[in-house]
Amino acid sequence: MDSSLQQRRGGLVSLSPSQTPRSSDKSVRDLRSGDSNSSSKHEKDKGVNVQVILRCRPLSEDEARIHTPVVITCNENRREVCAVQNIANKQIDRTFLFDKVFGPSSQQKELFDLAVSPIVNEVLEGYNCTIFAYGQTGTGKTYTMEGGARKKNGEFPSDAGVIPRSVKQIFDILEAQNAEYSMKVTFLELYNEEITDLLAPEETSKFIVDDKTKKPIALMEDGKGGVFVRGLEEEIVTTANEIYKILERGSAKRRTAETLLNKQSSRSHSIFSITIHIKECTPEGEEMIKCGKLNLVDLAGSENISRSGAREGRAREAGEINKSLLTLGRVINALVEHSGHVPYRDSKLTRLLRDSLGGKTKTCIIATISPSVHCLEETLSTLDYAHRAKNIKNKPEINQKMMKSAVIKDLYSEIDRLKQGS
């Protein structure tokens, strides 16, 4: 075994964390072979619809206490959501069909096992996958994605969300397979169209909105139709607990504020990414590296500015949030209508999500809503957004495998480049 990789089973493979398999490399081999080759080709040509999950939260304690009327009903077996609307003293029922529906009594584990777990498995097969939560302020997006805090004894909480459960599943599978792997994570925040690195060292991560002297992190084109965030901190991880601590550290830096709709409303979008390189051997004995990436996105809440009680700076902040989400809606419409121009470049949020919407990534949207009559306008807006998004087609591609010798060669090339730049 090559000592330059310093491999150990069930742990870290010390290869370049930024190494990405390149289809142009002569030593690259496609993951697909035999029958899977033709089926994957068919899937690629035809495209795969974005999966859309609908989750309705229960009434809050305050809503239940004042007997707030419920205008949303969920039929999980039929995958339907019905919204009751009164127009000119006439009741109109609107029914929406989704890939999966989770009603107010649904549990975190149930949602993860049925809707998210299969996507996490795809990451370990070498796909790039994105899961993001969308909905009005106070409908449970952050709860769905992150869930409750870890217990002091480190015990896994029963209300853990999509992110910690995804992490646990990834490590459980890698350990069960006795795999050799390398893993890195990044965590960024998008606030008022400015990107902040939530994992940057404390002295460089402090970001004050009114501080005009600090330059936000730049979003750059990669020359292949995609984007990357220049200078984003990448942390190498070897255990699930390391990721949990990183998640807690980064989440504590996110901007939240109290609104009339939510005591701790997320005022920014966040993207937590996990990149995995896994070593495996071909039947001929060649060592290959495959790469998968999981993007976990928590969008800031859409909201009616007057209803949320936003004033002055908070109103401007809410306006920026709504503007980026409006652009997201325009992108969804353009993709569904097969428009010649898709306005990805109109906001940083849509630039960051470009590959997840109409690109080569497998994508799942979790739309969250409230059952309350007082939120009906925003709920119908979310249902319309989510229902349209079902018709977006991505063309997922498995990342190509790379021979270990090519990885080592590129690793040394990167070291030389870094030395020259220092």
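Including glycine, each Cβ sits where the backbone N, Cα and C put it.
If you check TrEMBL, you get these features:
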BINDING   Gly135, Gln136, Thr137, Gly138, Thr139, Gly140, Lys141, Thr142  ATP binding site
COMPBIAS  23-33  compositional bias 'Basic and acidic residues'
DOMAIN    49-392  domain 'Kinesin motor'
REGION    1-46  region 'Disordered'
Residue among the binding-site residues Gly135, Gly138, Gly140 whose Cβ has the most other Cβ atoms within 10 Å: Gly135
Conformational class of Lys141 (ATP binding site) under the three-state DSSP mapping: helix
Cβ neighbour count within 10 Å of Lys141 (ATP binding site): 28
Gln136, Thr137, Thr139, Thr142 as binding-site residues, winner by CB count within 10 A: Thr139
